[in-house]
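Input: a single structure, listed below in structure tokens.
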């Protein structure tokens with residue numbers, strides 16, 4: 001059974017239900033939050049039954065997915081309480097178009113087994129990335145405060161070091177900056193990723209510091225799941241604390257608007273982990289997962 005959730009009331013019920021399963025449901029929760037608040041990426045939510053669902057998948061509407069090779073748009077967020085049910089649900093072509101290049105995102109690492117099983121059935125290759133999931137202490141206090149009982153907040157100051165404000169000016173990104181962001185984004189560097197970045201800049205808040213020449217020296221933005229992503233710093237401005245200043249600014253903007261604030265960092269990126277620690281962004285017991293799927 002596939003139930004599309006239509007209208008604000010059903011989505012608000014889903015959001016409320018997903019809160020009970022945070023932080024494991026975070027990728028889906030963040031996406032549903034932004035569907036309720038404008039839905040600029042034209043997404044839809046599907047569940048196996050309603051209201052007592054086992055599995056929820058958020059994905060674009062079919063008319064958005066016109067390019068079979070564009071896995072930036074062909075992206076699915078998944079949360080499931082039941083791995084067996086999840087596999088049956090994801091197998092359906094009405095839920096996931098397995099003929100396309102696509103990506104699946106989830107805060108549940110145990111879905112890896114389910115997706116590997118599907119790979120052998122549907123005949124596609126997988127590239128799995130598992131990174132550290134960070135959530136701001138303010139978001140934790142608001143959405144799942146019980147987690148703070150097990151965390152020590154006494155270390156990070158919560159504020160970045162001051163920057164030279166005569167040299168650098170806090171600003172936001174413009175669509176013309178998409179090419180620069182794309183060049184330095186680990187998952188980007190191509191035409192499709194640039195279109196995706198342009199769409200994110202147009203629809204969501206972003207932060208940057210402009211260097212003396214008036215172009216971005218460091219930046220961060222957010223995607224359709226509400227995650228802070230695609231951050232970067234020009235090589236000549238690295239090691240000056242600019243990225244922590246920009247992330248702190250973006251955090252404040254998102255918190256003021258009531259958005260959940262979260263991000264991910266590679267396990268090998270010690271500098272970003274230290275920055276997260278300083279800004280009181282806490283590592284979660286669950287991970288950030290992405291499965292890039294390519295038909296064979």
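In case you wondered, yes, glycine gets a Cβ from its N, Cα and C as well.
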Legend entry - N6-succinyllysine: annotated position in Swiss-Prot, out of 20, 151, 169: 169
Legend entry - Annotated residue, N6-succinyllysine, per Swiss-Prot; candidates 81, 202, 267: 267
Inset, instruction - Look through 113, 161 and state which residue has the annotation N6-acetyllysine in Swiss-Prot. - result: 113
Legend entry - Candidate set 16, 99, 274, annotation N6-succinyllysine, source Swiss-Prot, matching residue: 16
Inset, instruction - Output, ordered by sequence, the same-chain residues six or more apart from residue 183 (N6-succinyllysine) with a CB under 8 Å from its CB, or 'none'. - result: 189
Inset, instruction - List the same-chain residues at least 6 positions away in sequence whose Cβ sits under 8 Å from the Cβ of residue 127 (N6-acetyllysine), in sequence order, or say none. - result: 291, 292, 294
Inset, instruction - Quick one: pull the CA-CA distance for residue 142 (N6-acetyllysine) versus residue 267 (N6-succinyllysine), whole Å only. - result: 27
